[in-house]
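Working notes, beginning with the structure itself.
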């Protein structure tokens, strides 16, 4: 008997020359006593395995949903219950601060802060007034609607928003979205009133969607547009907007309503051979150069931040005087002409819910809501990070949603946070959202008193102002950065960019979302599997490709599943790849030596695996059966709570003989001991 045991150890040591300490202890014990007594550590390993097998049942999805609901809503309910003991004034103040953050920061508001906000608000208004007029024309609306949108929404946001720096108003991308999608339903040139009703109704739906995202904590829907997709979409939209402005810059009368680059360039080419205004082109290019030069000076000298901010307003004033004094409007230079002044007119009756296009309007409202929220929250978080405070995403969604709903009642179209104006607001030293209030009041004064003076403002100047704001939307450095980090993300960027450029805004967004989802599916279907080896001098096991110095254990293949889900989409792929590796190892082993079997165990590390479905379990069963046929045993390491529960329910643990361990080291020690 003793001689037979010694022969067994000699043959095992040939296959497994680098066995663990536990295996050596077993060998010494058997050699001395002549019997196969287990090592003292074996009982501890069995006990730790029972921890995994005897764990309680994990919570059901319904229980997790209820827990999330309690965390989201009941914690706030407890706060309200604790307020019952407080005096009535404190309860009212707490409620007002929760709904309207202005009641929180205005209690500590000081005169020095107001001075900074006043300067920032006035600087912001000088940039906002000409940009708002230009963006309204981009949205195919009368110029006053851009000014209306710079009055009511900023006031609502100042009361309900949590960002101190964000500047609210019309933006180029949303204006392009509105005009490019709604003009397919109604032509604004033939039915301006009907088009205006569609714009206001779209704004209403956008606000409802945005507020709902915040109230029901559905902000993850905004994440469907990844950062890379937004960078590509913004870049493509900027080029499309710039091409659209060639109509105003060249003084072209008849222009295409399509937004793709081919249609726009074809329209420009035809117009250049027919009728265009050289005076308009020279005037627009001159002031565009002036605005870009001031922006360059402002970047070089941070103290002159106010110069590029007021450059658009200076351009409007000077060009208006030039047209008025030279009567250039009689020589082909087109002007804005009449702008309706006064306070925002009530537009509740203009909301059209009986239109046959209601379904399309709701869809457009959802797209506008997501794009506007993505831009606003990205802008708000970036500047909040600089200032060192936290932005409440859900409150931001509610604030932006309500400001657009109320804006649709007061002749405003979809508004959001503008990056260029927020940067100006930040550079001007704003302290709170009071700068938005100052800006809104200033724009209102302009609506009351200055609209008549804008009669001779050339349209080419508005085109120049829009063109000057577009370089900030094209982030080449970020595109290069994304290319270096993640090629699939860059593919989504390129898809969105060319989709907008050669298709339409909707196609660009759709391509970006499809590529992003395809990336997720691709990663799921082809889960990463890494072979592990022991790091020299440690008990740590790491990827052999990442750490070439790691040592593989002879006779054992150790795999780690990098996917979080083993499901119908990737289960068969995982089983095939593992069997392929085993066959390769067997072939290599038979080539190098005459040993019958070079692989005795397959250790599957499930520490990254969060869940498994029935297809995944079926694939594991098939893997186990194939291994048994090849004389190889399957060992499971560190399965998560839900995974071990499902494997137990499927009786899979019994099929593999209960070989489940907490760590890879314990699995190797136990398996070598069992083999001995």
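Cβ atoms here come from the backbone N, Cα and C positions, even for glycine.
Bear in mind that TrEMBL entries carry predicted annotations, made automatically and left uncurated.
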Scan 245-262, 263-280, 281-298 against TrEMBL and say which stretch is down as transmembrane segment.
281-298
Quick check on the annotations: TrEMBL lists transmembrane segment for one of 166-186, 334-354, 523-543. Which range is it?
166-186
The residue range that TrEMBL labels transmembrane segment, out of 494-518, 544-568, 569-593, is 494-518
Count the residues of the domain 'STAS' (566-671) that DSSP assigns to helix (H, G, I), to strand (E, B) and to coil, and report the three numbers in that order.
59 helix, 15 strand, 32 coil
Contact set, same chain, for the transmembrane segment (224-243): CB under 8 Å, 6 or more residues outside the stretch:
138, 172-173, 176, 259-261, 264-265, 268, 370-371, 374-375, 378, 466-467, 470-471, 473-475, 478-479, 482, 486, 489-490, 492-501, 505, 508-509, 512-513, 515-516
Which stretch from 166-186, 361-384, 396-416, 422-446, 453-474 shares the most C-beta pairs under 8 Å with the transmembrane segment (198-218)?
396-416
At an 8 Å Cβ cut-off, counting only pairs 6 or more apart in sequence, do the transmembrane segment (422-446) and the transmembrane segment (281-298) clear the bar of 3 or more pairs?
no
